[in-house]
């Protein structure tokens, strides 16, 4: 998944950008995931609010905006800035950790370790490449490319190549490009592909080389340029569209391909389409109706709360039907 979130270009873009920056600080520096989730949820709700917010009190009427966040919104609206953020930006350690986590392959713990060793910038990383693992070296190599959002038009071209090449390998493959792209976003951080085949189910005693065959085909046509990691069921790598006739080169992009058992495929498609908040709301509704949902299965809960056997699922619609929830098209799941 991409580390770069799209900058907010809504009526309340200043507020949502502030909240996203606070969220990233809590995740990368403080490692307070509950605060990260709270800021993310508030930013998501405010991004869809159709009016310009004039006060913290107005924002507080929205679900997910509590007293503390409302107070920060008041301060931001009154002064155009936030003391807490100013302090974070001025703190060399915090800002360096936050920056280094933007490099693919560098998480908060690795970033803190690098900063403790005096490695704080891209230049520092380049001078200390011997301390980087393979994933981090690729992240550093393509840092500028990975920072760029992928326009939808480019994502559509990438999707065409991936789906066409997969069908060349075997017409029985089923593949879906998920993430914010499937929800209709104008730009994406990376490409997230889910793959399945009738020959692979959760009952399969061994995993056939279904994923490797697809990756090899995409390498053969020079779409996949680098491999970050490759297992039996998940590939993480780098891809690039072919150059234009005028010689213009497209940026390198992150791509993940996951192979999922056929009987678990649509639970996976639902989960990886998102959004995070939509998934949480759907799981909560499922529990109220006596079901538990995750990225693999939907299962009924018995009277003791123990989950039963997975239910058969042949489409996303089936999952909505089981929990008696109105079907939502992917474009309507960005809450």
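From the backbone N, Cα and C atoms, a Cβ is placed for every residue, glycine too.
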Site from 35, 72, 141, 289 that Swiss-Prot describes as N6-acetyllysine, others unannotated there: 72
Range annotated as region 'DNA-binding' in Swiss-Prot, from 163-172, 173-182, 183-192, 193-202: 183-192
Candidate from 116, 124, 256, 263 that Swiss-Prot assigns to the same Mg(2+) 2 site as 190, 192: 256
Same-site 2'-deoxyribonucleoside 5'-triphosphate binder from 149, 152, 213, given that Swiss-Prot records 180, 183, 189, 190: 149
Averaged pLDDT, computed only over the residues in the region 'DNA-binding' (183-192): 96
Among 41, 61, 183 [recorded positions], residue with fewest other Cβ within 10 Å: 61
Among 83, 149, the most crowded of the recorded positions [Cβ within 10 Å]: 149
Rounded inter-Cα distance in Å - residue 103 (Na(+) 2 binding site), residue 190 (2'-deoxyribonucleoside 5'-triphosphate binding site): 14
Those recorded positions of 60, 61, 62, 81, 256 having Cα within 10 angstroms of residue 190 (2'-deoxyribonucleoside 5'-triphosphate binding site): 256
Residue 189 (2'-deoxyribonucleoside 5'-triphosphate binding site) to residue 256 (Mg(2+) 2 binding site) - Cα separation in whole Å: 12
Spatial neighbour of residue 61 (ubiquitin cross-link) that is closest, considering only the recorded positions 72, 83, 106, 152 and their CA atoms: 72
